[in-house]
Amino acid sequence: MTYLQESSRPAVTVPKLQAMRDAGEKIAMLTCYDASFAALLDRSGVDVLLIGDSLGNVLQGHTTTLPVSLDDIAYHTACVARAQPRALIIADLPFGTYGTPAEAFASAVKLMRAGAQMIKLEGGEWLAETIRFLVERAVPVCAHVGLTPQSVHAFGGFKVQGKTEAGAAQLLRDARAVEDAGAQLVVLEAVPTLVASEVTHMLKIPTIGIGAGTDCSGQVLVLHDMLGIFPGKRPRFVKDFMQGQPTIQAAVEAYVRAVKDSSFPGPEHSF
């Protein structure tokens, strides 16, 4: 069996994401952890495949992402890359792997050698030096602000961020800082719609929302969540796209269409 497929779709690159944002075309991102799903998501029109540390929850059964190791992410990144998707491949830097700029670079090198084309890391102003260090060394960076799951214990749980005036101001500072440091993409998670909209209009780089309203440049969901196969309480920002669909591919195509035409997320998925 081979996962390689002929595709006339142009490869999605980091500059392509910027061009999509500038043209007003929404970016559809999903998490992905293996070659089979990488091929399926790619032919369904997904623009970005994220090897997220969410694999700690949906694959390994942990209650947080903290136990996920760099080797775990590298393994699943290599699995996804073997499908040779046209979609851009982004890999998460796990908890405890980017405490210093030098450590972050060493971790990023391992993931890029495994097949990642961009790395994602969680944090705002305090990460500016690290982001700048990576970008100067040819590592494309996606920042992640708002609710950062690796900070679950510091936050006291999975809570919406930026709800207060002070919190919103900090989120704006974080977003500006990561852009100024050279990040080419930023994920906004569990952020009030109005705040996410302000961030999106303030920045020149694309924003990817998850529980951040419809004004972001694109959307991301955890694959298992959007297919309705992850047990337990479903976050407000999740929609089960498998409902009413005959196949997984049809569900993914429905997700892509909903992101592209801005029918997802709706008010019921936002804060």
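Every residue, even glycine, has its Cβ placed from backbone N, Cα and C.
Remember, predicted model here, so these are calculated numbers, not experimental data.
Swiss-Prot annotations:
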{"type": "BINDING", "residues": "Asp53, Asp92, Glu122", "note": "Mg(2+) binding site"}
{"type": "BINDING", "residues": "Asp53, Ser54, Asp92, Lys120", "note": "3-methyl-2-oxobutanoate binding site"}
{"type": "ACT_SITE", "residues": "Glu189", "note": "active site, proton acceptor"}
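Features as recorded by Swiss-Prot, highlighted on the structure.
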{"residue": "Asp53", "record": "Mg(2+) binding site", "DSSP class": "coil"}
{"residue": "Asp92", "record": "Mg(2+) binding site", "DSSP class": "strand"}
{"residue": "Lys120", "record": "3-methyl-2-oxobutanoate binding site", "DSSP class": "strand"}
{"residue": "Glu189", "record": "active site, proton acceptor", "DSSP class": "strand"}
Other CB atoms, at most 10 A from the CB of Lys120 (3-methyl-2-oxobutanoate binding site): 24
Nonlocal neighbours by CB distance (under 8 Å) for Glu189 (active site, proton acceptor), same chain, sequence gap 6 or more: His144, Val145, Gly146, Leu147, Thr148, Pro149, Gln161, Gly209, Ile210, Gly211, Ala212
Pairwise CA distance, Ser54 (3-methyl-2-oxobutanoate binding site) versus Asp92 (Mg(2+) binding site), rounded so that it is a whole Å: 9
Spatial neighbours, same chain, of Asp92 (Mg(2+) binding site) - Cβ under 8 Å, 6+ residues apart: Leu50, Ile51, Gly52, Asp53, Val68, Ile73, Ile119, Lys120, Leu121
Binding-site residues listed as Asp53, Glu122, least Cβ neighbours within 10 Å: Glu122
Asp53, Asp92, Glu122 excluded, remaining Cβ within 8 Å of their centroid (Mg(2+)): Gly52, Ser54, Thr65, Val68, Leu93, Pro94, Phe95, Lys120, Leu121, His144, Pro149, Gln150
For 3-methyl-2-oxobutanoate, whose listed binding residues are Asp53, Ser54, Asp92, Lys120, the greatest C-alpha pairwise distance in Å: 13
